[in-house]
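J.: Sending over a structure as structure tokens; questions will come in a sec.
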Amino acid sequence: MSADVPHPIPAPYPDGSLAVESLDIEAQGIAHRADGKVVFIEGALPFEQVSVSVHRKKNNWEAATATAIHRESSQRVRPGCPHFGLHAGACGGCKMQHLHPSAQVAIKQRVLEDNLWHLGKVKAETLLRPIEGPTWGYRYRARLSVRHVHKKGVVLIGFHERKSRYVADMGVCPVLPPHVSAMLGPLRELIFGLDARETCPQIELAAGDTVTALVLRHLEPLSEDDLARLRAFGQQHGVQWWLQAKGPDTVRLLDEGGEPLAYGLPEFGITMPFKPTDFTQVNPAINRVLVTRALRLLDAQAHERVIDWFCGLGNFTLPIATTAGEVLGIEGSETLVARSRENLQRNAAGRARPLAPTRFAARNLFEMTPELLVADGTADKWLVDPPREGAFALAKALADLHQQPALRGDWLPPRRIVYVSCNPATLARDAGLLVHQAGYRCVLAGAVNMFPHTAHVESMAVFELDPAAVPGTAA
Ligand SMILES: C[S@@+](CC[C@H](N)C(=O)[O-])C[C@H]1O[C@@H](n2cnc3c(N)ncnc32)[C@H](O)[C@@H]1O
Ligand code: SF4
């Protein structure tokens, strides 16, 4: 737990109730006792006066739950989902539905700034306006657990309950697309009616712009009757069934044919077909804004070479190829690299302005070295979009090359880096390396509300090379 405490600290009230000062990213209110002890309070919001019940005590902090709210925050709103709450059995999928969405975004922005400063000793010169989108019906990807509860004679399909491995009893889920939320009841009935209802532990949702795919994980072969039940459900609800017998490589379509799963980036005239287990961004509306903003910040020119690190299936690479002179996309998964090559071919045809020459390569980027970086060649600009672990080896190789010019030869570092992050802690760590050891300035940073109502913080930051740091790199 960490507390970001503004000063002066409001005193507790004489009746023992507490004055809530701020909120942490787990949506716990933060207050102080008279002796300075920090209290993390579930269900409390900043500027509220609350009574609490303490359930954990340490020397310098306590964990508590709000039992009464004596003065309510103007940012408190009615949760939009009946399964949201603090009680046992409440769904653990969302943490902040009781807080106005704009206040949620403000917290995420502050978490980003705090991380940059505390972990990287970096302060962005300018803060980007946070990227916001729809707060409901946004979640086009989800992994739902399935349990047959004998005692109750039901099948549950949902996220886990708060702080528990039990599956929440979810009748609806307003963060899922409305047609998927409406399908949860019939889906429970379908699985309950399967011969294999004991051996299907998970359903994965992957929705594209027009196709909704469900991947059924099954531990035993499915009977012909079960396959017929799945087909009938698919036809009735407009669902494309995929089956997964073992690992992700075993995923296959139940019935070949039909429209491919795909999402569009219409601003760039690009369509991206994908398989339901490929990495795609969870929130397609935010993804469109994210890609457009990243491209605007990158500002790739026709004479420039750009490298897209951790490129996935080419979500940024192909849009970059609409303006840049040459693009290289590098990614760890061979499957995604193969898919990105197919997507390049598919999108290259029939364009008024041809896509720039674009290559893809598969490589483990956690093992990047200065030598490998030099071998990838000079690029004017980089787009970096790593997984939660961040891009430490990449930033470290850049720092090593900065500090040991003899390793560089003719190679030059990128003048600009647009870094898209799904973990502010690793972004801050990498930003610290870039700014303090590789000759960059952090010129912009801002939060991206990819997952409204959750504690998840996406963000982006832009780094500019100080031309004085490396001769020959002025724009
Ligand atoms: C946040 S996703 C971004 C993908 C893509 N830029 C997009 O927007 O869809 C991170 C990507 O990093 C890839 N990845 C994870 N670990 C990796 C590694 N060690 N080396 C290279 N790529 C890796 C994942 O396969 C995934 O495609
Ligand atoms: S994940 Fe869905 S069901 Fe769970 S609280 Fe959020 S909106 Fe409700």
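Note: Cβ is positioned from N, Cα and C throughout, glycine not excepted.
Automatic prediction, not curation, is the source of TrEMBL annotations.
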J.: Per TrEMBL, which of Q281, Q345, Q403, Q404 sits in the S-adenosyl-L-methionine site along with F310, N315, E331, N364, D385?
T.: Q281
J.: I'd like to know which of the binding-site residues listed (C81, C94, C173, D385) lie near ligand 2, counting only a CB under 6 Å away.
T.: C81, C94, C173
J.: Less than 6 Å between Cβ and the nearest atom of ligand 1 is the rule; apply it to the binding-site residues C94, E331, N364, D385.
T.: E331, N364, D385
J.: Under 8 Å Cβ to Cβ from F310 (S-adenosyl-L-methionine binding site), same chain, six or more residues apart: give me those in sequence order, or none if nothing qualifies.
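T.: Result: I330, E331, G332, L365, V384, D385, P386, P387, A391.
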J.: Between C81 ([4Fe-4S] cluster binding site) and N364 (S-adenosyl-L-methionine binding site), find the distance joining the two CA atoms and give it rounded to the nearest Å.
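T.: Distance between the two Cα atoms comes out at 41 Å.
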J.: For N364 (S-adenosyl-L-methionine binding site), identify the closest of the recorded positions C91, C94, C173, C422, judging by Cα separation.
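T.: With Cα distances computed to N364 (S-adenosyl-L-methionine binding site), the winner among C91, C94, C173, C422 is C422.
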